[in-house]
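TrEMBL lists 152-190 with the feature domain 'F-box'. Residues or ranges marked as repeat 'WD' in TrEMBL: 259-298, 299-338, 339-378, 382-421, 422-461, 462-494, 511-541.
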Amino acid sequence: MGEFDTSLHSPPPFVTRCVAGRGFHFHCEFRGTNMEPEMEDKTLELMNISVMDSQTADRSPKITVIKPTFICPQVSNGPLTGSRKRPSEGNYEKEKDVCIQLFDQWSEADQVEFVEHLISRMCHYQHGHINSYLKPMLQRDFITALPAQGLDHIAENILSFLDARSLCSAELVCKEWQRVISEGMLWKKLIERMVRTDPLWKGLSERHQWEKYLFKNRTTEVPPNSYYRSLYPKIIQDIETIEANWRCGRHNLQRIQCRSENSKGVYCLQYDDEKIISGLRDNSIKIWDKQTLECLKILTGHTGSVLCLQYDERVIVTGSSDSTVRVWDVNSGEVLNTLIHHNEAVLHLRFCNGLMVTCSKDRSIAVWDMASPTDISLRRVLVGHRAAVNVVDFDDKYIVSASGDRTIKVWSTSTCEFVRTLNGHKRGIACLQYRDRLVVSGSSDNTIRLWDIECGACLRVLEGHEELVRCIRFDNKRIVSGAYDGKIKVWDLQAALDPRAPASTLCLRTLVEHSGRVFRLQFDEFQIISSSHDDTILIWDFLNVLTNGQTEGRSPSRTYTYISR
């Protein structure tokens, strides 16, 4: 490029500088005091650049600017080339053999320390050579290696954490992996894990009879792994069909006619796989066979309409417009206890783990300790609502109540102290469910609201019903509501909790079969069971849907009418 002379300073010693700039070096040479020839050669070698000869005899400092040169070190698996040549092949081989002999005599710790020293003296691209060499040495097929050491159970346990897609891929790795999966019955274990954790899988296992092949050890007679391997995609297909049926409203409908001379409505119900227990306006409790739809038993004793009920494996507890709470033996139908406390109709009740909460038209909430069906004592009365308390729910942390005064109140379960009020509904609240942090309520303002119980915030308002929302239930996927407009609506819960989801996408399906007000409903993964002012109980079956005029595993839709004698 050119030379620039200066005589402002005394001549400096020989200095070489290299500036890295995107893959090229700038070489600047200051000529001053002479450097040892041997040192100069080594310096230039390390810089991997060539030295320009200068024919200028002047000892004054000069700067020579060389054009940028792109330097790309060659990396290969062979011997290093260029400026890093070995002195001679013969000497190298002899010296290498001596080093290896010494190296083999050292302890493992000394060997590691020595290699660390060697590596620290190498440059970056040498590290790359070593890394490429070590990578395949560090890889281990532990699934194949473990059985060879008699540790098959560990290999099986590792693979048992895989999901279905990964398990399919693992089967294709090699024959040994496939053997471990087959002999370890890992498809069976995957299905068992899903049945334990997902209620939909559990329900399918019970309804389709393959539960009997699960949770059995290898000593008992069980199908081979191939059975479970082929069963898994069939289960997935069933699940997809059920979900599609819910979205599209495809169902098989069954109807129980409960009418008698004095009956004008079915106010409440609860069901399991064998029976449906209903509370009627004619003061009776009727128990129905869920398969045949026939009335098995009628319990009488209340002098007013049966407005609410709950049962477990031992007792049925009912609340009535006669202001009493009665406890019945679930098997014999015998009255075990009658609680007289409220001054007006008992509108709702819940019990669990030795605790019962009742609420009344008299605006109060009663908290009871249930030591046994015959030993039930009043713990506390909660007062705060300014109108009838229509519904209660609770868990170990909170008791939640809703009233005709348009408010939801939250109370501490352990201390029964008031915690907070949830405000938002424009008219009285008729129904509510509470679980974890979520409260879902329905009101005579025709809306459904979702609440965060911890902060009291309203998360979403669902609009669609044309009259009072009388009953509501939710699970992890859906909200199902029934109203005085005679309609049942199915809502997408996860979308409702997403503030970005448009309101128009939240209602999945509207079911219209009742000819009167919908009073109560419950649902699970496969069905909705609802009751109405029209004196019917409807079973909406989303599993056994009509296919070419037939149903799978159940007779065609039918109606059963009970006529009192």
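One is the number of the first residue shown, and numbering goes on along the chain from there.
Cβ coordinates are placed from backbone N, Cα and C, and glycine is handled just like the others.
With a cut-off of 8 Å between Cβ atoms, the residues of this chain six or more beyond the domain 'F-box' (152-190) that come close are 142-144, 146, 213-214, 218, 222, 224-226, 228-229, 231-232, 236. For the repeat 'WD' (511-541), the residues of the chain that approach it from at least six positions outside its boundaries are 199-200, 203, 207, 242, 249, 251-259, 263-271, 276, 278, 288, 290, 467, 470-471, 473, 475, 478, 480, 482-484, 486-490, 554, judged by C-beta separation under 8 angstroms. Within its own chain, the repeat 'WD' (339-378) has Cβ neighbours under 8 Å at 304, 307-310, 312, 314-315, 317, 319-327, 329, 385-394, 399, 401, 403, 411, 413, 416, counting only residues six or more beyond its boundaries. Proximity of distant same-chain residues to the repeat 'WD' (462-494), defined by a Cβ-Cβ separation under 8 Å and at least 6 residues beyond the stretch ends, is recorded for 246, 249, 430-433, 435, 438, 440-444, 446-450, 501, 503, 505-512, 514-525, 528, 530, 532, 540.
Note on the repeat 'WD' (299-338): its mean pLDDT in the predicted model is 97.
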